[in-house]
Amino acid sequence: MSSSGYGQKEKVLSRIAANRLQKELTEWQVNPPCGFRHRVTDSLQRWIIEVHGAPNTLYEGEEFHLQVDFPEHYPMEAPQVVFMQIPPLHPHIYSNGHICLDILYDSWSPAMTVSSICISILSMLSSSTVKARPPDDDQYVRNCRNGRSPKETRWWFHDDKV
Amino acid sequence: MNVTENVTEPGGEQDRPRDDEIQAFHNRIRAADADKLELVGDKEPLSVLEEEYKAGSPVFLAKLLILKQSYGAIRRARGDGNCFFRSFMFSYLEHLLVIQDEAEVARMEKAIEICKKTLIDLGQAEFTFEDYLAIFVEQLHGVIQGKETSTSLETLVERCRDQYVSNCVVMFFRFVTSGEIRRRSEFFEPFIQGMSNMSVVQFCRSCVEPMGEESDHVHIIALSDALGVPVRVVYLDQSGDMNDKPVTVNKHDFIPEGMNTAVDPDVILLYRPGHYDILYRRGNSGNVKHTSLEESNVEHF
């Protein structure tokens, strides 16, 4: 069930992955998801995305940064998506930036895109009623201290509504 | 032939594994299987299953005897959750290659165009599926001989074993299945609600589109309808009781909308709890009579 992939971070993008990402980037430039901005870098394999908390939600006016790393066999394999610096205070977001969201792991599908991931993350933030870390934050973050990817975690998805 | 006479085992309730136990067993071997089995195996005589089940339940063995009257061989698909789609791919393409049905290739191309339009109408970005579609079309054209790009049966086997090609075609079928379910969501909703408490869209997102998600009737109906390909599923399961009456083998023909229900599907799959493989009719004839013990169950949608 786990989807750790084959040492994805070290491998360069396959031709198919690079083609697909080029198409996603073009589509993003024409039609970016509302509340997000792609920071232009010279890397197709790592995207840095600004996230703006939606108006009338707990995160209004706040800005966060997502780091999206694409594996060699994207989109057959899920990208790795984490919050950088200070992640939003949310019951499904750990203080090391890891996000507990099924579509990033077991439920990933090539039918999804970076843009659809962004929309899911914003919707997760917007529906939150409490600004808090997950109850097991300390323990989880301690276990990840060796730099483990969130894709190596065996996630247990409690509730996708919070 | 009355199969019950050949079997002395009484088959009481305690002797037989329950379906959930079989499922648990399949889950355990699935991980181990994945590394040693090809995505699509070699064609093997049906008798290999006798060997596999000889220590197993008498119901299975009785059903195997019946199966052998109509079917001669099996080709396994790896138990990685994609076995239905992968078996469908190979069985369909192999049959086309054998009979060289150019009209069917042309019909399939039209069906694919409609599937593409369905997905676009549903708001699916074309770039997410166009590569998978192209790879399936490439395999489809390859089966017709006499061109530079033609594929032999050996090449077809190789392609279906190649992780990249094979998974791309599986993924294309997952897109098509999801598109068909969402296009006819009122039709599929009751089936989906009977299995889960998910909405049609959630079901497609969680149980159809991700690779490795297993297939159920809903997937088979949707893919068969969308591509216009009839599919027969023959069930080798624990249903039926040795004491009761002669054991029967259930089969189910999935016939696409608008097609004559008397049609004999060329894509034939063997279902064992949690898994699909490819089944072959006996001999070369595509027209083997059904035995009276093979319970026919045609469903028309």
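Every residue, even glycine, has its Cβ placed from backbone N, Cα and C.
The following features are taken from TrEMBL:
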DOMAIN    B:72-282  domain 'OTU'
ACT_SITE  B:D80  active site
ACT_SITE  B:C83  active site, nucleophile
SITE      B:I221  site 'Interacts with free ubiquitin'
SITE      B:Y235  site 'Interacts with free ubiquitin'
SITE      B:D237  site 'Interacts with free ubiquitin'
SITE      B:Y271  site 'Interacts with free ubiquitin'
ACT_SITE  B:H275  active site
SITE      B:Y276  site 'Interacts with free ubiquitin'
Rounded to the nearest Å - Cα separation of B:Y276 (site 'Interacts with free ubiquitin') and B:D237 (site 'Interacts with free ubiquitin'):
12
Per-residue Cβ crowding (10 Å cut-off), top of recorded positions B:D80, B:D237:
B:D80
Cα separation, B:D80 (active site) to B:I221 (site 'Interacts with free ubiquitin') (Å, whole number):
21
If you draw a 10 Å sphere on the Cβ of B:Y276 (site 'Interacts with free ubiquitin'), how many other Cβ atoms land inside?
24
Please identify, among the recorded positions B:Y235, B:D237, B:Y271, B:H275, the one with the smallest Cα-Cα distance to the residue listed as 'active site, nucleophile'.
B:H275
In three-state terms from DSSP, label B:D237 (site 'Interacts with free ubiquitin') for me.
coil
Inter-residue C-alpha distance, B:D80 (active site) and B:Y235 (site 'Interacts with free ubiquitin') (nearest angstrom):
19
Can you grab the distance from B:Y235 (site 'Interacts with free ubiquitin') over to B:Y271 (site 'Interacts with free ubiquitin')? Cα atoms, rounded to a whole Å.
5
How many neighbouring Cβ atoms, not counting its own, are there within 10 Å of the Cβ of B:H275 (active site)?
24
Specify the count of other C-beta atoms within 10 Å of the C-beta of B:I221 (site 'Interacts with free ubiquitin').
24
